[in-house]
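So TrEMBL says this about it:
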TRANSMEM  100-119  transmembrane segment
TRANSMEM  155-174  transmembrane segment
TRANSMEM  186-209  transmembrane segment
TRANSMEM  216-240  transmembrane segment
TRANSMEM  252-268  transmembrane segment
TRANSMEM  288-305  transmembrane segment
TRANSMEM  317-341  transmembrane segment
Amino acid sequence: MYSTLYNVPMAGTLQTLILTSPTTKTPSLRHRSQHFPSNRALFHIPSITFNRDRSFRRPITALDRSDQRDGNGDKVDRVSGSASGLSWAKPLLNFASKNFLPLALVGGVLLGLANPGLGCLADRYYLSKLSTFGIFIISGLTLRSGDIGAATEAWPVGVFGLVSILMITPYFSRAILQMQLHPQEFVTGLAMFSCMPTTLSSGVALTHLAGGNSALALAMTVISNMLGILIIPFSISKFIADGVGVSVPTEQLFRSLVLTLLVPLIMGKVLREFFKGLGDFVDQNRKLFSKFSALFLSLVPWIQVSRSRSLLLRVKPAVFLVAIGMGALLHIILLAFNALAIKSLSAVSGGDKSIFSKRENASALVLVASQKTLPVMVAVVEQLGGAFGESGLLVLPCVAAHLNQIIMDSFLVNFWLPKEISSNNAKVN
């Protein structure tokens, strides 16, 4: 009996709630959409569930509709429009990423010509020395000890590569100094360029693309740049200063190169070995660090060209084109010399069984030993303090020569790739 009396008021209360709750919201719902059902449909539970599904489904279909029209009545496809806008930008971004170093160097030259004031201001605050320091810090951070140890098997090839880079190719500077150009700094700069060690990253990267011995390429790169700090002052004094008639303070230049190049290189290597997490981070982001290095390097031609803009504008374009041709010819001669040398050494030391005859070793030697580095050249020019002429005029043809050797070797690697693929397929079969 008590339960009956208890259930009657509860039933009435529930009926009141069901009847009153929808009626308070019905006018607003009817005002929003005519597709919602009347109040009577709310007493049927399946209808309530169906209406909830529709209430969630309608906004989703509204978002997916693509029949929106502009003021002229034409359909506007926002998704396809944004996709087409990104489609043309993607190839440009890929091109910029693959050719970041050449674009950065050319951009630095153009910026120096267009607005020399910023470059002169940067030079006043020694930004060029900071950029050189940053390049070799990054070189130390990316230097892996295991890669150097992996090149020990091909040590005879590496030894000849070091001899070619540091002792033989500087002799070509005497032939370059026989050329007569105005300004003479173009000739002197290219002669100094031939005395430099190999590139810091381009030779290793191109060797890897060609399927060569990357560990051997890296070992020759690191050792030649470290030994180059010791040998370059004497090479410049012997080959360049005598030809130009200028005395070079060899000891002062040696100390400056040690502080500018060797110290940051060792600092970067110590940081890498001391903080294991830092080494892993650098290895996972090597492309990013190579772009940082390229940006640091691009500061050099920007500042040098800014300082020498007034003199550069007086140079005849034909003379500058001749200097560019001289730099390209120098690289072709170095490629031919190293290719002929490794063929001769292979024939003398056992033919096809010789370690010089291995394709991966030969490609590493030809690419790395034929390239010359720009950052060390810039550091040497900075330390000489104008002893051989205007710094910007000395550096500018070397920037062009640096770009030329990268472009020419890229075509050479593309020429080698089909042969490398066919030889690998023959080994598999």
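Counting begins at 1 with the first residue displayed.
Glycine residues also receive a Cβ, built from the backbone N, Cα and C atoms like all the rest.
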Residues of the same chain, at least six outside the transmembrane segment (155-174), with any C-beta under 8 angstroms of its C-beta?
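Tertiary neighbours of the transmembrane segment (155-174) are 191-192, 194-195, 197-198, 216, 219-220, 223-224, 227-228, 231, 235, 239-240, 243, 330, 333-334, 337-338, 341-342, 345, 349, 355-356, 361-362, 364-365, 368-369, 372.
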Please give the sequence-distant neighbours of the transmembrane segment (252-268): residues at least 6 beyond its ends with Cβ less than 8 Å from one of its Cβ atoms.
129, 132-134, 136-143, 225-226, 229-230, 232-233, 236, 376, 379-380, 382-384
Grab the same-chain neighbours of the transmembrane segment (317-341) for me: Cβ-Cβ under 8 Å, and only residues 6 or more beyond its ends, written as numbers and ranges.
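Contacts of the transmembrane segment (317-341) (Cβ under 8 Å, skipping residues fewer than 6 from its ends): 160, 164, 168-169, 172, 176, 179, 181-183, 186-187, 190, 193-194, 362, 365-366, 369-371, 396-398, 400-401, 404-405, 408, 412.
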Looking only at the recorded stretches 100-119, 186-209, 216-240, which one has the largest tally of CB-CB distances under 8 Å to the transmembrane segment (288-305)?
100-119
